[in-house]
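Have a look at the structure below before the remarks.
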Amino acid sequence: MKFLNPFKINDWNIKYLLSIVILFQVLLWATTVLEFYNINIPLVRAISAFIALFFLNGMLILRILRIHNLDSIRNLLYSLGLGTASIMFFGMLVDLVYPYLGINYPISTVPLLITFTIFTGLLCYLSFRRDRDFDQPEILDTKGLSVPILAFLLLPFTAIFGTYLIDGYQNNILLIIMFFLIATVPFLVAFNKLNKKIYPLAIFSMALTLVLSTSLITNYITGWDINLEFYFTNLVNNASYWNSSIPDLLNAMLSLVIIVPIFSKISGMSIVIIYKVIYPLIFVFVPLGLYSLFKRQTNTKIAFFACFLFISIFMFFLEMPYLARQEIGELFFVLMIMLMVEKDISDRNIVILTVVFIPALLVSHYSMDYIYIFLATTAYLIILLRNLNLDKKYPKLGKWSILRFFFKPADSIERPKMRYKLQLILLFSITIVYYLFVSSSVLLNLTLTTINNLVTLSYLFLFNPNALMAVGIVTGEKSFLRSIALVFHLLIEAIIAVGILALIYRRTKMKINENFALFTVMSFVLLILVLVVPFLAGALNPERFYQIALIFLALFFVIGWLKLSELFNKLLKYRWKPESVKETSFKIMALFLAISLLFNSGVAYELLQDKPSSIVIHPSMDGPKFTNEELAGALWITDYRTNDEVHADTYRFLLLNGFIPYEKAKNTLYSPNTGSYMLLGTYNLESGKFGIPPAGSSVVQYYDISNITNVATSIYDNGGSKLFI
């Protein structure tokens, strides 16, 4: 079957492109008007809004910039980035300007729909004026690929129906089957049973399936930070404007306070659905971008296995769906890395895209802003160091390959140097200006405090070795299976280290982009610092930073694995042909990654009856997931409480974060009849236990609360949650 490539409609004839844009605008307006008259056509308004705002506007901007003939993945990723950034910045402009025009509620349906329609119309006009003559559509041919394409298109439905079985019937069999299905895909690639053209779809489908298996659990949002993110998003959504003066870090993140309310108003989707479906859907484009990034420097098979590692580590699918702002932040982070190795876009357009994506990164996730600043600054300093030609002045430096990487000039550093200057100017200037004027300078003060603490701690560590503390990326549970899982994690990190050494010694035998190499080495250095420096561990969170570092390091796991297999063959005096060794090593790697996925997902613990590790596949496990009754209890106390504190255990405390000010929710036991409230959830009532971490610990311990509930006064009880005063 042959048809025009829908992922590159900016390369189509301008009339066809504009016709599609107009079609989606008509669908959006028509369904919005019909819903006003209580005539609902399921999903049409939401899908039209999603495609129009996040993709078509980006396609039009690419057309205006005359960016053409990219592969489908890059074209789609750049379009998504431009569309997402336009929502943030144009939405912020609307919020700032409209009150001066007498529109006091700028973030409401009618003003937004009219405004973004005009914005899209302007993009259509500019694309027609600038690039009306380009007409080189790409033809897709799916002949012989129908069965695997259909299989991967259906794979996400296993997550949808699997979570339905978990929520409704406490049955995890379909989710367990889902994880086994995903674990078989690396074998298909290793044994060359899957067409290379399917690799991108396979990665996208597996990534989407994994994140949906987490995000779709229960009818309400699940997780940690996402409840606070929901609180600030809901403030904007209810008020129909953004109060930028609220002194909180999250209130400065446009990925939360602009994108979600605007899309909710235009699409008619609830904030909960956006966080559970739309943001995970956007996030799974990250591994797709990594596939393009890795493939252009190595080959399709290496790129596939690197991406599979990235999506199979538990932080990707068990943590990231709980971190909405980081989902958007990683999108722009990867887009910046893609620009770093881009060769098919002119310097002028790369500068324009950089000017868009860097500010978008800054207002999406502040920690990722700091990480990118560190990587860009250190990479630029290495380039300056190389330009000093110290290896010629001091020949002894050249004898050490590990030092040669930092001192020997690369072949092409002029253009990267120019880009680094631009990036650093943008990074520092926009960070200071934006964080100074938004959220009462909270973010700027945090930045300055962080720098001061780092300087102080660096001095202490130089003279006090006892201050060092290792932080492991493993759970606190102890068992034989947990020990095996730890071995897998350590092996992955060790193999990555081998790959990094191969990069530093320039023995990868691959065309690794010099910019990417610099960022990779420095991300590895920063990861080591995060794991051993207590303050950095507390500021960046080792698990979350490890997931970010894998954006660079996942590729070097595969490279390290291949180098070790070459070394093994060399030790055996080349008993096998190099190509045979390579193919065999991919097959063993497939087995390794499949087993690793089963441990990361918690399936291994579930099947072998160890203590469960995942709330996704173990329905009775206590965790940050909430029943309808618990949600009703939280809403009741939000509406009827006086200005008093509400106590709850570790997980119900998170639920409260989404509805009442953070300082009013307490993650502690309470004393009855003292004027404050205590919320008990379904797990508390069924088990009679209340889970909170002891002082100085992050591990939850459970306490019997019968002595409290027997004397406290109940003021609300719906069978699944109970409130005491």
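Placed from the backbone N, Cα and C atoms, the Cβ positions cover glycine too.
TrEMBL: automatically predicted annotations, no manual curation.
Per TrEMBL, the features are as follows:
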TRANSMEM  12-31  transmembrane segment
TRANSMEM  43-65  transmembrane segment
TRANSMEM  77-101  transmembrane segment
TRANSMEM  107-128  transmembrane segment
TRANSMEM  149-166  transmembrane segment
TRANSMEM  172-191  transmembrane segment
TRANSMEM  198-221  transmembrane segment
TRANSMEM  270-290  transmembrane segment
TRANSMEM  345-364  transmembrane segment
TRANSMEM  370-389  transmembrane segment
TRANSMEM  545-564  transmembrane segment
TRANSMEM  585-605  transmembrane segment
Counting Cβ pairs under 8 Å that are 6 or more apart in sequence, does the total for the transmembrane segment (270-290) and the transmembrane segment (77-101) reach three or more? yes
Beyond the flanks of the transmembrane segment (585-605) by at least 6 residues, Cβ under 8 Å: 176, 179-180, 182-184, 186-187, 189-191, 301, 305, 308-309, 312-314, 317-318, 481, 484-485, 488, 491-492, 558, 561-562, 565, 611-614, 616-618
Proximity verdict for the transmembrane segment (43-65) and the transmembrane segment (107-128), three or more C-beta pairs under 8 Å: yes
Cβ pairs under 8 Å between the transmembrane segment (149-166) and the transmembrane segment (172-191), at least three: yes
Near the transmembrane segment (172-191), which same-chain residues lie under 8 Å Cβ to Cβ, leaving out any that are not at least 6 residues past its ends? 155, 158-159, 161-163, 165-166, 199, 202, 206, 209-210, 213, 301, 304-305, 308, 312, 583, 586-587, 589-591, 593-595, 597-598, 601, 603, 606-607, 616-619
Near the transmembrane segment (198-221), which same-chain residues lie under 8 Å Cβ to Cβ, leaving out any that are not at least 6 residues past its ends? 72-73, 145, 148-149, 152-153, 155-156, 158-160, 162-163, 166-167, 175, 178, 182, 185, 189, 227, 230, 272, 275-277, 280-281, 283-288, 291-292, 300, 303-304, 307-308, 311-312, 316-318, 320-322, 615-616, 625-628, 631, 658
